[in-house]
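Peer 1: Relevant sequence annotations retrieved from Swiss-Prot are reproduced here:
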- Gly79, 82-83, Thr87, 89-92, 107-115, Ser119: 5-phospho-alpha-D-ribose 1-diphosphate binding site (BINDING)
- Gly79, Asn110: anthranilate 1 binding site (BINDING)
- Ser91, Glu224: Mg(2+) 1 binding site (BINDING)
- Arg165: anthranilate 2 binding site (BINDING)
- Asp223, Glu224: Mg(2+) 2 binding site (BINDING)
Amino acid sequence: MRNILLKIYDSKFLNQEESYQLFTLISSGKITDIKLASILTAMKIRGESIEEITGAIKAFLDKMKYFPKPDYIFSDIVGTGGDAKNTINISTMSAFVAATCGLKIIKHCNQRISSKSGSSDILEKFNINLNASPEKSRKTLDQLNICFLFAPKYHDGFKYSNNVRTDLKTKTIFNFLGPFLNPATPPLSVIGVYNKNLINIAVNILKNLQYKRAIVLHSDNTDEVTLHGTTYVSELLNKKIISYQLQPESFGLKMHPKKILKINSLEENYHIIKEIMKGKGSKLYEELIAVNVAMLLKVFGYENLKENTKLALNKIRSGDVYKHIRNVANMLKEDNHARHNT
């Protein structure tokens, strides 16, 4: 351990195994707060390497609680957050639309970081029980194509660093781990990053973690596809990485003028999303969700982005997505009821 610390303090990079050892200790509560603060600060100042981040991810994955992973193909869709845009929860709603289209989605979700409402906050507004048992979550996935795994329920190891991270009041390596810590370890994923410079880092981490196919994207300082400019993409397929750019026309849509789509509260976010999922939302919001669903369909092998977008728009405008959300909530509510009666 001493050699690992000396390397960090000398601004030298750890290899993947050294990082794994370090974060295994951190996730076990065996590093003091003052030492942890110095480690995180030193790593942040010199920048964290792909190998260091991969080692940290593997350490936390090895300590997570069990989830009954399915044999069939499934995906996650997640954003890093941290863009401070306070927009609606695009990835969460895209997951529901994708499930309504027939895709299997296991969404890893957490509490808000920099937005007015994180994925868990909005899910609770829709009465989605985030404390469902792993078995019930798996059953919901089998029958309704989607389930949500709440990070604090599956990852105990983060509790040992919470106080230090709060006190530091700055982004650290921890802020980048979430999208890679899905307890179901999916073979597919779509990840949005808040900074264009993070695309290459994220896609190479996915390669290190042996994802079958994945997309990392960024557009206009947000962690999602936008409709007023260029979306930058790196795609992992068969251990090879390709990079390309997309425009709204790539999805068969027209360019929208740039608009501020900020929401001011959880209640406002919920109301906007509810109307969209009922098929009564604004055209801009419908299309914004649809293009992100199109990318999710792509990792499942549906290569035509224009057709993918049409399919997603049809599902959104039909109102079927809201019915699907209600069905998921009702199924998980049964589990909640059973727990209260045991």
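Glycine too: its Cβ is placed from the backbone N, Cα and C atoms.
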Peer 1: Indicate whether Thr87 (5-phospho-alpha-D-ribose 1-diphosphate binding site) is helix, strand or coil by DSSP.
Peer 2: coil
Peer 1: I need the CA-to-CA distance for the residue listed as 'anthranilate 2 binding site' versus Asn110 (anthranilate 1 binding site), whole Å please.
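Peer 2: A Cα-Cα distance of 16 Å.
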Peer 1: In sequence order, what residues of the same chain, 6+ apart, have a Cβ less than 8 Å from the Cβ of Ser91 (5-phospho-alpha-D-ribose 1-diphosphate binding site)?
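Peer 2: Looking at Cβ-Cβ distances below 8 Å from Ser91 (5-phospho-alpha-D-ribose 1-diphosphate binding site), excluding near sequence neighbours, one finds Ile77, Val78, Gly79, Lys107, Ser119, Val190, Gly192, Asp223, Glu224, Asn292.
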Peer 1: Calculate the distance in Å between the alpha carbons (Cα) of Asn110 (anthranilate 1 binding site) and Thr87 (5-phospho-alpha-D-ribose 1-diphosphate binding site), and round it to a whole number.
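Peer 2: Computed Cα spacing between Asn110 (anthranilate 1 binding site) and Thr87 (5-phospho-alpha-D-ribose 1-diphosphate binding site) is 16 Å.
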Peer 1: What is the number of other Cβ atoms found within 10 Å of the Cβ of Arg165 (anthranilate 2 binding site)?
Peer 2: 17
Peer 1: If you draw a 10 Å sphere on the Cβ of His108 (5-phospho-alpha-D-ribose 1-diphosphate binding site), how many other Cβ atoms land inside?
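Peer 2: A 10 Å sphere around the Cβ of His108 (5-phospho-alpha-D-ribose 1-diphosphate binding site) contains 23 other Cβ atoms.
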Peer 1: How many other Cβ atoms are found within 10 Å of the Cβ atom of Gly79 (5-phospho-alpha-D-ribose 1-diphosphate binding site), counting all protein chains shown?
Peer 2: 27
Peer 1: Other than its own, how many Cβ atoms are within 10 Å of the Cβ belonging to Asp223 (Mg(2+) 2 binding site)?
Peer 2: 25
